[in-house]
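Quick notes on the structure that follows.
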Amino acid sequence: MSTSLPLADRLNRPIGVLRLSLTARCNLACPYCCPDVEEPPGLLTLEQQIRVIRVATRLGVQTLRLTGGEPLLSRRLLPLLEAVAQARRDRSDPMAGLQAVALTSNGVLLSEPMGRALRAAGLDRITISLDAAEGEAAARMAGLQGGAVAGERLVRQVQDGIAAAFAAGFDPSRGELKLNAVIQRGINDDQLLPLAALARQRGMELRLIEYMDVGNRNQWTLDQVLPAAQMVERINARWPLEPLGRPRGGTARRWRYGDGAGSIGVISSISEPFCGDCNRLRVTADGQAFTCLFSAEGTDLKPALASDLQLEQAMRQLWQRRQDRYSEERDPAAAASTHAEMAYLGG
């Protein structure tokens, strides 16, 4: 087996994060994401998923994030976590180099038993997605029928999921439990303060994400983007903030509350792109590798999954060819380009 040093792409960006989607299905229907009802054909097996993770860590990946769709819908989630945890304990295994294993979920299925099982299986961090803290807006952002009643039910379910994660030992003060929210101007930007208040109750970091032109189903337009700077201004006017900056390779520029009640982060891929140090490789549930969230098509890894060596060669060549910097080159005035869908890519 190869023990090569971590590689870099054509813009000298190392590989550092593997985002592995376990499913394209979701139990919500958020309009900006537009998930598929059925899985794509040819899903990776558990053994193939483990091989992808092992080879990625050999190439330099230090963080594994499991995504969807909704990953809690995948029956392979717990077995995969357990296999990764076992490998991390073996110093001879490349996966021993993983510094963090994380999960992104909408939290609806995150019961107390599931929270304990995830923790016991070796999960280090959970990020829960909720785009509104009030009923009508929550239903709208999740694509639910039933208006405010359905939205209020969803918010309660997600709050229960947050409580379950907290009870399982995921500590917000150590960055182990965070809240994500996609913000659209004129759609849910009135939820900034309610979401911040909800996160502050638990001392969680709230990560605010600019509405992005990922996929082709969401009818994205630039005027629906609320720039991150304006999000920060609104929250700072209510609860004063102190800047923390953005770590190299990170997606979020962070602020902490002056009163100590947690922090916020803003992911500003539209208004302040961070392509220059992006270190993420995305692999879909059916084995397509994408070197950019805004890619039109991926590279099928399945033909290379016969051995670690073949897969390493394929992934190394893919990363060495990488020169994506879509967000820095985005031209809103140009005709809309084609992108893979958000739910398929796993965010």
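Just so you know, glycine gets a Cβ as well, placed from its N, Cα and C.
Per Swiss-Prot, GTP is bound by Arg19, Arg65, Lys178, Arg280, Leu281, Arg282; the candidate from Thr104, Thr221 named for the same site is Thr104. In the record from Swiss-Prot, residues Cys275, Cys278 bind [4Fe-4S] cluster 2; the candidate from Cys34, Cys292 listed for the same site is Cys292.
The binding-site residues close to Ser129 (S-adenosyl-L-methionine binding site), defined as a CA atom within 10 A of its CA, are Thr104 out of Cys30, Thr104, Arg280, Arg282. A simple way to gauge crowding: the CB of Met212 (S-adenosyl-L-methionine binding site) has 21 other CB atoms within 10 angstroms, across all the protein chains here. Arg19 (GTP binding site) and Cys292 ([4Fe-4S] cluster 2 binding site) have their C-alpha atoms 11 Å apart, to the nearest angstrom. Residue environment of Arg282 (GTP binding site) contains 24 other Cβ atoms, counted within 10 Å of its Cβ in all protein chains.
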